[in-house]
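Encoded as structure tokens, the structure appears first; notes follow it.
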Amino acid sequence: RSRALGTALACISFGSLAAPPFGGVLYEFAGKRVPFLVLACVCVLDGLLLLLLAPPGGTGARANMPVGTPIHRLMIDPYIAVVAGALATCNIPLAFLEPTIANWMKDSMGASEWEVGLTWLPAFFPHVLGVYVTVRLAAAYPHLQWFYGALGMAIIGASSCLVPACRNFGQVIVPLCGICFGIALVDTALLPTLAFLVDVRHVSVYGSVYAIADISYCVAYALGPIVAGQIVHTMGFAQLNLGMGLANVLYAPVLLFLKNVCQMKPSHSERNILLEEGPKGLYDTIRMEERKG
């Protein structure tokens, strides 16, 4: 699960970090319509490939799947709430810097248009490295998932505080790479933890809990343009980065709350339901046979 989610996160980050130079180059040399036409073609191609490789299944099997825990009950689970807070906090620097760093680079270091456009692209590589490192560490030491997340938040906090001290394009790339490396540690460690929490504390259906993860991301990116712009206008760019760094450093110890998650035993999971009530449909029968095997 960690490897699969890590691969997905690497692809998501590639799209996010490659978007500015991709859009900038096509806009500069081909016009403003071409980037959208290219993306439309990519989306249509991807949709066709999904239909070929992963066609939608019949509704009969899905009708016999267990009912997932309602999202409002998942939200009040303290362990899930801690993970959701970490996901939102670690993405705040990225969400707040994207709409503000371009103007700061132009004003403070006289950055050119191509430098502004390429600011985030190098950060893709340390992000992939962070995903790879976390997946390998999680496979060897799965009980330290909380520590990888806390370490990532500490790296994000330190890197955020270094951004205002940069004086040229080469220098600013370093803390941005640190931020993306830290985000990779947090996301790759904590997203599988969400699924594990659902396994041992609720019903093993994951749509609602990953919806909570998406909400956490959306909170950060929705507040970014509004809150970050206001803070920069009233307090300054340096204060914005120091605040984001402090928030991540202070939240890192909160992940100690997840230290004993790996030792939890299933309390009311799908397996218990099958053992207590017996098979009721196709899906339950298959799972029961797997368990007997």
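Every residue gets a Cβ built from N, Cα and C, even glycine.
According to TrEMBL, the transmembrane segment annotation covers 34-53, 74-97, 117-139, 146-166, 172-197, 209-232, 238-258.
Here the transmembrane segment (74-97) has Cβ contacts under 8 Å with residues 149, 152-153, 156, 159-160, 163, 176, 179-180, 182-183, 186-187, 190-191, 193-194, 197-198, 201-202, 208-209, 212-213, 215-217, 219-221, 223-224, 227-228, 231, 240-241, 244-245, 247-248, 251, 254-255, 257-258, 261 of the same chain, all six or more residues outside its ends. Sequence-distant contacts of the transmembrane segment (238-258) (same chain, at least 6 residues past either end, Cβ-Cβ under 8 Å): 78-79, 82-83, 85-86, 89-90, 92-93, 96-97, 100, 145-147, 149-151, 153-154, 156-161, 163-164, 182, 193, 228, 231-232. Beyond its flanks by at least six residues, the transmembrane segment (146-166) meets 86, 89-90, 93, 97, 101, 109, 130, 134, 137-138, 172, 174-179, 181-186, 188-190, 193, 237-238, 241-242, 244-249, 251-253, 255-259, 261 of its own chain at Cβ-Cβ distances under 8 Å. Within the chain carrying the transmembrane segment (209-232), a Cβ under 8 angstroms from the stretch's Cβ atoms is held by residues 71, 74-75, 80, 83-85, 87-89, 91-92, 94-100, 104, 191, 194-195, 197-198, 202, 239-240, 243, all 6 or more beyond its ends.
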